[in-house]
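Pulled from Swiss-Prot:
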type     : residues  : note
SIGNAL   : 1-40      : signal peptide
DOMAIN   : 48-516    : domain 'Sema'
DISULFID : C118-C128 : disulfide bond
DISULFID : C146-C155 : disulfide bond
DISULFID : C279-C390 : disulfide bond
DISULFID : C303-C349 : disulfide bond
DISULFID : C519-C536 : disulfide bond
DISULFID : C528-C545 : disulfide bond
DOMAIN   : 586-641   : domain 'Ig-like C2-type'
DISULFID : C593-C634 : disulfide bond
TRANSMEM : 668-688   : transmembrane segment
TOPO_DOM : 689-777   : topological domain 'Cytoplasmic'
MOD_RES  : S725      : phosphoserine
MOD_RES  : S727      : phosphoserine
Amino acid sequence: MLARAERPRPGPRPPPVSLFPPPSSLLLLLLAMLSAPVCGRVPRSVPRTSLPISEADSYLTRFAAPHTYNYSALLVDPASHTLYVGARDSIFALTLPFSGEKPRRIDWMVPETHRQNCRKKGKKEDECHNFIQILAIANASHLLTCGTFAFDPKCGVIDVSSFQQVERLESGRGKCPFEPAQRSAAVMAGGVLYTATVKNFLGTEPIISRAVGRAEDWIRTETLSSWLNAPAFVAAMVLSPAEWGDEDGDDEIFFFFTETSRVLDSYERIKVPRVARVCAGDLGGRKTLQQRWTTFLKADLLCPGPEHGRASGVLQDMTELRPQPGAGTPLFYGIFSSQWEGAAISAVCAFRPQDIRAVLNGPFRELKHDCNRGLPVMDNEVPQPRPGECITNNMKFQQFGSSLSLPDRVLTFIRDHPLMDRPVFPADGRPLLVTTDTAYLRVVAHRVTSLSGKEYDVLYLGTEDGHLHRAVRIGAQLSVLEDLALFPETQPVESMKLYHDWLLVGSHTEVTQVNTSNCGRLQSCSECILAQDPVCAWSFRLDACVAHAGEHRGMVQDIESADVSSLCPKEPGEHPVVFEVPVATVGHVVLPCSPSSAWASCVWHQPSGVTSLTPRRDGLEVVVTPGAMGAYACECQEGGAARVVAAYSLVWGSQRGPANRAHTVVGAGLVGFFLGVLAASLTLLLIGRRQQRRRQRELLARDKVGLDLGAPPSGTTSYSQDPPSPSPEDERLPLALGKRGSGFGGFPPPFLLDSCPSPAHIRLTGAPLATCDETSI
């Protein structure tokens, strides 16, 4: 049984029930009071605050075209301040930041003949569209784009100045997947497209290629399971020699993916996250590995989870954080999940490119066919020059001017040994974040300078159910600051891009723009400091939380300790309304306590001598006895500042005093409401009885003329005599079945606290925040 009264709104009201005794006995009561914690320390993987869609909607800007879906391909052009969006059968161009203006649009539809061929191949109608998969900047005047084109991939170019149509169409096989469900990756380097996808209709031939000129002239991976074994590609990134601080090197392209391991460690197919690297100057071999990569090397990515590394089975996404020029090498942030059913684990790990390079320069692995494990190759078995290396100036001095001049023994070795023996460990040796209750799918990151000048990495994590988690990296840990609901309907985040202070999120139904520097939502100094946002600082001059932009005068901020007590002036305390909870039966009462921050540490204060208490995450469970009557208060502390969040007075029903007039008014209103319901019920009952009597007269008349009384009369529906099965509402509220037929609609009369015949948690009338747990009665 559930009955709920609304929480009284702030405003003029009678003086609340005093929670504490007169001052003369206050000290004695405080000494006698006990303190019970609400729950243990909440890990920083739990978002500190959560904004539902009703509150978050004011911080978001949305774009969606009528009858257009799958906004999954996003490309930001910082030079023109433009966001290009690839959707189903359409490509859009929006000016950033967008604010509702009409975008430019190109419709790239599939001809009906192609759609018919698609359906003849056994594909569904909804699959036979052109899903845009690749958007890349080809040069200053043109974009390169590729789409699935009803399971016949096509590529073309777009003149960005006119933005009218896709021109110079050509086959996209080997560049673009055949369907959107196939994971792929693509990146432009030096005006050249590097892709990782599948080449055939069945999706059984994976390929990593440099797609230049005719398809037969491409440089691509060998068709061997030792090179690629059922991969799911995630991302592709380019690092230049300048970013390494190595002027003698070559551009290196990194591909991140998950593939099935060929090592038989168990009877199950083991998925392994990996990184592969090729060199931009690779021309393939002269005889061996013709038109094939001679620099293709790959290594395992290790992101160990709580269950012996099982959290690292599947790589969901990878992003790069590029610092300012000359400020160091980039950093890779990846999202990992478990491949095992029932293990809902997500982990975030950071990887350094120099660690990847060190592994690629380490020992090779060889899979022995007479055993089920790979073994390292001995150093004396590795030919010279070292297989898989980019062509450097030092190699050119040794008469190896390009990969075409490499000896066959080197090419044969790299063909048979593409996998390295050692894994790549995360930058800090362990994950930055591990959670078991959130499925992360996408990640982007940028580096923010705090008020003190120290830099912090801020990550934005998109979830499977359409939420956005904002996290800041403090040392070797990620702290999730905020959970933001993005969409009115639950749907996964499909893509994300950053543009200055704006985050752009693509999903099935829309593109959502999020302001990442919206500090104005933090209304007080304590809220601003506790938010631990490197962008935001409290301005004493403006008496507001603002984006500091490097300004220091009259501002405070504390990212790592959030010490409110030393930075903010003492704010006037708000005394919560004391809710009187009348009880007249033995049972369990749950007194809720909901602090604004999940990281707050809360304790309960209750009368002395009360021992039958059970702290819960949502409040305090009290066994109702005469000795449990008295005052209860939930006090929460964070950042050195404490305040009472909730206060209750537990009394026997007969002890209600005149101070509870507000509840009396609410109760009178509820009584009037239920009396109205009773009157309506009596009216319906009288009408039903009249119809029943009319039905009986009809049956008697039919009986006289020999009619079959078992057959229903014309215009009626036959009902079985079996008892009605419980409805979904009955299953959710088991008391509805047990109490059917008593009171109004099967529920007891209001304000009655009779014992419950079946286990349930019920709301106590007259106590809008309290629940009664009758499981032990």
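A Cβ is built for glycine as well, from the same backbone N, Cα and C atoms used for every other residue.
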Cα distance (Å, whole number) from C528 (disulfide bond) to C519 (disulfide bond): 8
Neighbouring disulfide-bonded residues, C-alpha within 10 angstroms of C528 (disulfide bond) - of C128, C349, C536: C536
Cβ-Cβ distance under 8 Å to C146 (disulfide bond), same chain, at least six residues away: I132, Q133, I134, P153, K154, C155, G156, G172, K175, C176, A186
Proximal but sequence-remote residues of the same chain as C118 (disulfide bond) (Cβ under 8 Å, at least 6 apart): V110, E127, C128, A150, F151, D152
Disulfide-bonded residues listed as C128, C349, C519, C593, C634, least Cβ neighbours within 10 Å: C519
For C390 (disulfide bond), the number of other Cβ atoms found within 10 Å of its own Cβ: 21
Which of C155, C303, C528, C536, the listed disulfide-bonded residues, has fewest other Cβ atoms within 10 Å: C155
Cβ-based isolation winner (fewest other Cβ atoms within 10 Å) among the disulfide-bonded residues C279, C545: C279
Rounded distance in angstrom between the Cα atoms of C593 (disulfide bond) and C303 (disulfide bond): 37
The domain 'Ig-like C2-type' (586-641), counted residue by residue under DSSP: helix, strand, coil: 3 helix, 30 strand, 23 coil
Pairwise Cα distance for C634 (disulfide bond)/C545 (disulfide bond) [Å, integer]: 28
Helix, strand or coil at C155 (disulfide bond) [DSSP, three-state]: strand
Euclidean distance between Cα atoms of C545 (disulfide bond) and C303 (disulfide bond), Å: 37
